[in-house]
């Protein structure tokens, strides 16, 4: 293209700085990078604290020694505290990532994997299993509790998502329609869940309630591995989809005109969100609020318009690990489900950020 | 022929709006589609820009079926500005126009110097270079429309489809946008297809007019060939005198009244 006038000064993007090496060029958001590093450090700090705090308090030196030693302390750190802390961080990251993707696709900050039918579908499946197996067979135990519940949660979550997807599809996928259908399906699932709870034996129902609230109690390496694997498989393609996700915020005609296969890109990103949310729910139950709040907290911290995927994941990891630390120490030895604390911690902080943003907008 | 609709059948679901329509767009021309509301002109433009898949027939870009070409490759040749486009909240002008470079980017080439110069040239052509860091929501209607046109320009395609690029604009800004289209065509040899409502501006700024009614092309040709008193009556049910535009020499429509 020949310029009509002398070439103007290069335009600057307000939030990003280019980083160019030969034909390769990247856009760098300095503030996002700094926030990501700070959050990563915060996650490391809470993990370290989780190693120290508990029924047997340890100093950091004792923790380090326990890792190499072969004694009761080794068991406490390596088999109880570390896998639990890691599960919390990984589950939080997965939920937040799923939430960030869902909010971008739905073009709605109130969207979360809950409206994709994942968490409510998983809840129905698990509650049904606990209630059905409970009175007849003396409760879920052994292989059923270890493997059966997580597998059921994944299956129920995927089935719930499939129902929402099929009902929402109409010559393409519209974010607004997805939200409406998702809310409807979730309401039905939620009521089925409560109906099942009233049917069940009191003990089974209360056991199911703990799962429904989302708990990291007793989580071991068998929960760390699948969640870590899911994240390792799903995070790279999700990050590659960031650019499409950015384009998908525009109207469908604009996005298609820019050469994005709109329905394919949207479908793949939703699939990633569904799988992440399903795996996280299978590991720790439907932990409330992380998927909703972490992306919104992340985008306000990073000062961008769309939930940034990586920063959201780190914010989710931090929110969940900090919440679990509080959940198991606040009223020790009584332990609260982590889902209760994520809501109690996350909600006021999100409200604070919203109020501050309003003040800034006014001034 | 750059862009061609062959026997296309267009509609939404069961509602067919255009049936059995043929249209060819020559390289290096400015073609304007005119017609009453609901005649299918936007639908036709969406099909030409592969935003709407024909229920029958085919759309050819440089002789190849557009729906069988990779959409990203199409986006390097053909830019579309949809009617009343929407942008996410809080977006700045520079962010919007930079988005036009999407088809030229990959995850490892996110912002090349080509991207940068294409965006600044697009902004300077529409006179928005100083407004790059302003949020889109703070602009006037005319500035916002120019920002969207800049985005289409930054895409760097030699084919541009513009759906009512002058809506919401006052007359001066309409003329400004159409002068820009004229320059794109005259100085850069771009091929432009647009939908316009103002017949006099259409006559002045287009090489070819396509008049549609009820999903059919009623007439196509130079403005002088198309804008006749009998055609205005046939297409718009409008009684009008057509005189010579004292400035450009093109046909000028002076309405008398609507036939009932």
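Keep in mind that glycine also has a Cβ here, set from the backbone N, Cα and C atoms.
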For the annotation transmembrane segment in TrEMBL, which listed range does it cover: A:12-32, A:33-53?
A:33-53
Given pairs 6 or more apart, does the transmembrane segment (A:268-297) have at least three Cβ pairs under 8 Å with the transmembrane segment (A:336-355)?
yes
What residues elsewhere in the chain lie close to the transmembrane segment (A:175-196), defined as a C-beta under 8 angstroms and at least 6 residues from its ends?
105-108, 110-111, 114-117, 120-121, 123-124, 127-128, 131, 160, 163-164, 167-168, 208, 212
State the non-local partners of the transmembrane segment (A:85-106) in its own chain: residues 6+ outside its ends, Cβ under 8 Å from one of its Cβ atoms.
43, 46-47, 50-51, 112-113, 115-116, 118, 175-176, 178-179, 216, 219, 223-224, 227-228, 230-231, 234-235, 238, 241, 245-246, 248-249, 266, 269-270, 272-274, 276-277, 279-280, 283-284, 287, 290-292, 294-296, 298, 306-309, 312-321, 323-324, 338
